[in-house]
Amino acid sequence: MSYLFTSESVSEGHPDKVSDQISDAILDQFLATDPDSKVACETLVTTGQVVLAGEVKSRSYVDVQETARRVIEKIGYTKSEYGFDARSCGIFSSIHGQSADINRGVDRSDRSEQGAGDQGMMFGYATNETENYMPLTVDLAHHLLYELATIRKEPSSPMPYLRPDAKSQVTIEHDDEGRPVRIDTIVISTQHDEFVQASDGISEAEADRMMQERIHHDIATILIPRVKMLYKPEIAALFDEKVRLFVNPTGKFVIGGPHGDTGLTGRKIIVDTYGGRASHGGGAFSGKDPSKVDRSAAYAARHIAKNMVAAGVADEMLVQVAYAIGVAEPVSIYVNTKGRSHVALSDGQIAEKIKKIFDMRPYAIEQRLKLRNPIYEETAAYGHFGREPYEAYKTFVDEHGTEQMRIVELFTWEKLDYVNKIKAEFGLS
């Protein structure tokens with residue numbers, strides 16, 4: 001029997017994502033000049049104000065206020081009428097040193113035996129229903145908002161009224177084998193200028209209706225066609241005439257961003273991962289250096305699941321890894337192929353083979369995925385997974401105020417670089 005499944009996403013201008021991006025930009029600044037930095041940075045944003053807090057152990061000096069302002073400006077909060085803008089917002093920092101009790105459990109004279117930064121369980125997931133091995137619901141939700149932000153930033157934007165804050169939600173019908181067969185519902189809520197105002201002959205309700213009609217029309221005729229072009233024909237065909245499209249269902253969305261809602265780092269953990277299709281251990285990612293296995297082990301688990309599915313071991317795979325604080329080796333690795341395995345092994349036997357192929361000690365993960373580089377700001381909006389790996393030039397400022405250019409490799413955990421090893425281990429052609 002068919003079923004409906006729903007995932008959501010939020011834009012880079014959503015207050016929680018503003019916080020995530022600031023936290024990760026500060027992390028990157030520390031890692032750029034001291035790769036061994038230990039960082040846990042939390043951010044709160046609200047009307048006209050940013051609050052930074054957390055713990056750091058580093059040889060670097062970072063101008064956290066200027067870093068935060070740069071991120072806010074890049075997102076698009078540049079006008080005082082937004083109630084939150086890069087140049088005028090107040091920034092308060094309460095970042096202090098890392099606990100020595102935590103640090104003693106992580107640092108080792110033999111770096112390969114570096115302990116996990118905390119206890120916990122982390123999950124990785126992959127499915128072959130899309131080319132990037134992500135659930136289509138969350139992948140589409142991300143693409144809708146990424147493309148909407150692209151439209152907003154275009155010099156001659158066809159939607160010039162757009163503001164940075166936005167949310168999306170996608171409901172897809174799946175057949176009884178879990179394959180997407182039809183897009184049922186798309187919801188887009190986007191912040192906008194008050195480009196039609198009440199005046200003589202136009203009531204406030206009529207002005208609101210006119211704005212909503214214009215935005216709905218533009219979403220349907222500008223945004224949706226552009227997003228369809230991003231997908232191969234069989235996915236684009238799921239956009240049929242029966243799709244229900246809700247645009248700004250409340251009727252008006254002028255007050256938004258941190259002025260409309262307070263934002264906090266780490267509050268969009270399902271958006272950041274698999275849109276609810278897979279389990280989540282509860283730990284957020286942004287603002288954390290890779291000694292925190294909440295982040296590094298979740299990336300490693302995704303890397304495993306994606307390569308295993310790409311190698312043909314299963315059509316779908318969930319990987320759980322768990323740690324004890326201060327201990328290098330994981331306490332457990334669990335696999336669930338949801339009955340969609342293509343090898344004559346139990347899920348437990350598959351997990352044993354994973355242990356042979358992948359070293360899941362924290363330091364080994366850091367080295368394999370190059371996680372001690374300043375690569376995190378780009379992850380903090382539109383999902384940490386399903387992204388294309390690429391090299392980027394990034395500029396950082398050292399403690400002397402000198403700009404440094406770095407070439408870094410982003411989204412290394414999305415590489416399909418273990419497929420051949422997996423095929424050899426499992427006897428797959």
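Using the three backbone atoms N, Cα and C, a Cβ is placed for every residue, glycine included.
Note that the coordinates shown come from a computational prediction; the quantities given were computed from them, not determined experimentally.
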Which range of 98-108, 153-163, 285-295 is region 'Flexible loop', per Swiss-Prot: 98-108
Which one is it: of the binding-site residues Asp261, Lys268, Lys288, whose Cα lies the shortest distance from the Cα of Glu55 (L-methionine binding site)? Lys288
Lys292 (L-methionine binding site) has its Cβ surrounded, within 10 angstroms, by a count of other Cβ atoms equal to 24
Return the member of Asp16, Glu42, Gln98, Lys292 nearest to Asp261 (ATP binding site) in space, with distance defined Cα to Cα and candidates limited to these binding-site residues. Asp16
Among Asp16, Glu55, Asp261, all listed as binding-site residues, which has the most CB atoms within 10 Å of its CB? Asp16
Can you tell me how many other Cβ atoms are located within 10 Å of the Cβ belonging to Glu42 (K(+) binding site)? 21
